[in-house]
Amino acid sequence: MKRSNSKVSETASNAGSFLWHGPTWMNRMGGEMPHQAPKQGESRMKKVLGLGGLTMMSTAAIIGSGIFVLTGVVAKSYAGPGVVISYLIGGVVAVLSAMCYMEFAAETSTTGASIVYSCKIFGKFVAWLVAINVLIELVIASAAVATGFSGYLSALIKNLDLIGPNRLSNWNGSTLLYGPGANGSMLAIDPVAAAAVLIITALLVMGVQEAEWVQNCCTSLCLIAIIMSIITGAVYSNKSNWADFAPMGFNGIFRGASVVFFAYLGFEMMAAAPEEAVNARRDVPLGIGISVVGCTILYLLMALVITGMVPWQQINASAPFAQAFKDRGAMWMSIIVSFGGLAGILDTIVVTQYSMSRTFVMLGRMGLVPPLLSRVHPKTQTPIFSTVFCGLVSAVLALFVPIGELADLTSLGALFAFCVVASAVMFRRYYQPPAMPRDMEGFTGREGAPLWKVLIPFLSIIGASLGLAFSWATGCHYGAYIAMFAWWLIATVYIAFCLPVVFMPTKLPTPLFPWWPSATVLTTIFLIASLGPTNWARWGYACIIGVLLFAGYALAESLYNRRHGPPPPRAMSYHDEQNYEAREGSSKAAVASMDVESGKAIEGDAADAGDALGHDQAASSK
């Protein structure tokens with residue numbers, strides 16, 4: 001009986017260790033162990049991004065992905081002029097989430113963003129689920145935005161009449177291939193979208209500086225087009241178009257908010273850039289804050305302009321601003337908008353491909369994908385294998401797959417990642433595993449509460465948020481809303497006043513704690529519930545596939561351990577980037593000391609040479 005109990009205990013311990021540390025067999029086959037920061041002697045990505053470059057990167061992804069199109073789509077299909085409120089809600093959720101990201105970003109110097117943040121607190125299994133959602137978000141976003149590029153290009157060519165009248169009257173960017181079949185079955189492919197993705201991929205392979213230069217040019221052009229659209233559109237606006245402000249009620253506004261949240265994914269993508277930032281701990285949080293607030297203001301102004309220019313029922317969903325200016329005889333503005341839309345879409349492709357490749361770099365280091373994808377080329381100092389792999393996947397999807405129906409999954413994947421990061425910010429303040437070293441910066445020295453005392457209110461916040469969100473989505477009695485909100489409120493109050501704080505970030509702590517991250521969990525889950533059962537089912541299937549893949553990793557780990565022995569014991573730590581920073585600091589100190597020594601040696605040689613010259617001159621005078 002004791003043997004069986006000890007065996008069960010050992011199995012449970014091994015399972016828990018695997019859920020925290022993750023698989024090692026892929027890395028051990030190459031003669032190393034999983035790691036999250038560049039190893040000593042390993043080629044590293046070049047640090048070239050400053051505050052301006054990081055802010056432009058985030059701004060490019062936020063405004064480029066839908067400011068000229070998404071606004072009109074949501075206004076016509078969901079919210080009417082209330083799209084302004086939809087953007088305001090999305091902006092509030094983005095600001096809440098951004099502050100949680102900024103707390104972690106101020107402590108992190110490696111790539112990976114939400115995957116690294118969740119791994120620090122919840123281990124590699126949760127990090128793997130976040131990675132699945134982030135990759136779905138990035139792959140679909142890249143392919144969906146690329147298909148919009150061909151549509152804008154066709155509209156621009158028609159407006160400029162570059163290929164003669166009526167030559168492209170029916171072309172919308174896609175090419176139809178007709179195959180055999182009684183009804184003449186056909187397949188729409190988009191070679192222009194695929195070519196755009198491949199060109200951007202080649203640019204990223206060449207180097208981050210080259211891609212940053214192109215991106216900054218495109219972002220500047222896009223911002224000029226936005227500002228001109230706001231000024232010119234305000235002249236054509238009519239207040240009567242705002243009379244029926246919320247034609248589909250609050251349900252339409254919240255549904256629109258969950259859709260427009262797609263536009264705010266850029267700051268999460270920029271959070272993958274710390275390893276290539278010159279001063280990551282300062283510039284990444286600042287870049288996130290500046291871009292989110294600034295782009296929210298631009299979105300609100302653009303939403304007011306388009307709903308003021310055109311009655312919401314008459315908005316052209318595919319090209320709202322370009323068509324609105326064209327109908328009013330301002331063809332020059334329609335052309336400027338088309339150029340701005342093309343530039344914004346190229347911006348988004350650059351950032352999504354960049355973020356996707358860096359995500360695979362971190363997953364390769366962690367042992368969750370083949371380590372080949374984490375290798376950095378010593379000459380270009382870019383992860384060529386992961387960049388090319390991501391470019392090919394996105395190009396194939398943009399070429400063949402009708403991606404429009406899956407676009408809502410990008411918002412759902414990002415919202416899930418934001419919810420996990422907010423949960424991690426809140427959880428780590430009140431609980432640290434006993435095996436965690438207590439000499440790390442930020443520990444308060446207080447005795448923490450037992451795990452179950454932390455889990456009960458923590459899970460209550462998540463459960464109350466789910467109950468409130470799905471009560472709203474299914475149209476329950478208002479009493480259910482009050483009960484769920486009261487549950488959330490009581491759990492947050494208990495955490496705020498009854499649990500001892502065992503960890504306090506020293507760099508950039510989230511304000512109004514724990515209300516801020518708790519509100520982030522509530523709002524992100526609320527927007528997830530607004531996306532509807534079809535998207536919940538698709539997201540559930542993706543998560544199930546992720547769990548099965550992780551279970552396959554566990555089986556492979558077990559078989560590898562039986563043949564080659566178990567991996568060496570690993571101490572629990574937040575991140576091995578501290579060793580990376582220590583190595584960086586020691587190497588810089590070594591270089592500095594070498595410079596000092598070489599300087600002293602040069603001075604000594606010069607003094608010796610001067611003495612010798614003086615002796616020679618004295619001898620010659622004699």
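Start at 1 and count along the chain as shown; that gives each residue its number.
Placed from the backbone N, Cα and C atoms, the Cβ positions cover glycine too.
Annotated in TrEMBL:
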| type | residues | note |
| --- | --- | --- |
| TRANSMEM | 84-104 | transmembrane segment |
| TRANSMEM | 125-149 | transmembrane segment |
| TRANSMEM | 186-205 | transmembrane segment |
| TRANSMEM | 217-236 | transmembrane segment |
| TRANSMEM | 288-310 | transmembrane segment |
| TRANSMEM | 330-356 | transmembrane segment |
| TRANSMEM | 384-403 | transmembrane segment |
| TRANSMEM | 409-431 | transmembrane segment |
| TRANSMEM | 451-472 | transmembrane segment |
| TRANSMEM | 478-503 | transmembrane segment |
| TRANSMEM | 515-533 | transmembrane segment |
| TRANSMEM | 539-556 | transmembrane segment |
Next item on the list: Give me the stretch from 84-104, 288-310, 409-431 with the greatest number of Cβ pairs under 8 Å to the transmembrane segment (451-472).
Entry: 409-431
Checklist line | seg_contact(the transmembrane segment (125-149), the transmembrane segment (84-104)) with at least 3 CB pairs under 8 angstroms, min sep 6 | finding: no
Next item on the list: Check the transmembrane segment (515-533) against each of 217-236, 330-356, 478-503 and return whichever range has the most CB pairs under 8 Å.
Entry: 478-503
Notebook entry, point to check: Relative to the transmembrane segment (330-356), which of 84-104, 186-205, 478-503, 539-556 accounts for the most Cβ pairs at distances under 8 Å?
Noted result: 186-205
Item checked: Same-chain residue ranges lying at least 6 outside the transmembrane segment (84-104) that approach it to Cβ under 8 Å -> 71, 74, 78, 113-114, 116-117, 120, 246, 253-254, 256-257, 259-261, 263-264, 267-268, 271, 284-285, 288-289, 292-293, 296, 299-300, 303-304, 307, 418, 421-422, 424-425, 505, 507-511, 516-517, 519-520, 523-524, 527
Item checked: Within-chain partners of the transmembrane segment (288-310) [C-beta distance under 8 Å, separation at least 6 from its ends] -> 55, 58-59, 62-63, 67, 71-72, 75, 80-81, 83-84, 86-88, 90-91, 94-95, 98-99, 101-102, 105, 226, 229-230, 233-234, 236-239, 241-242, 260, 263-264, 266-267, 270-271, 316, 320-321, 324, 327-328
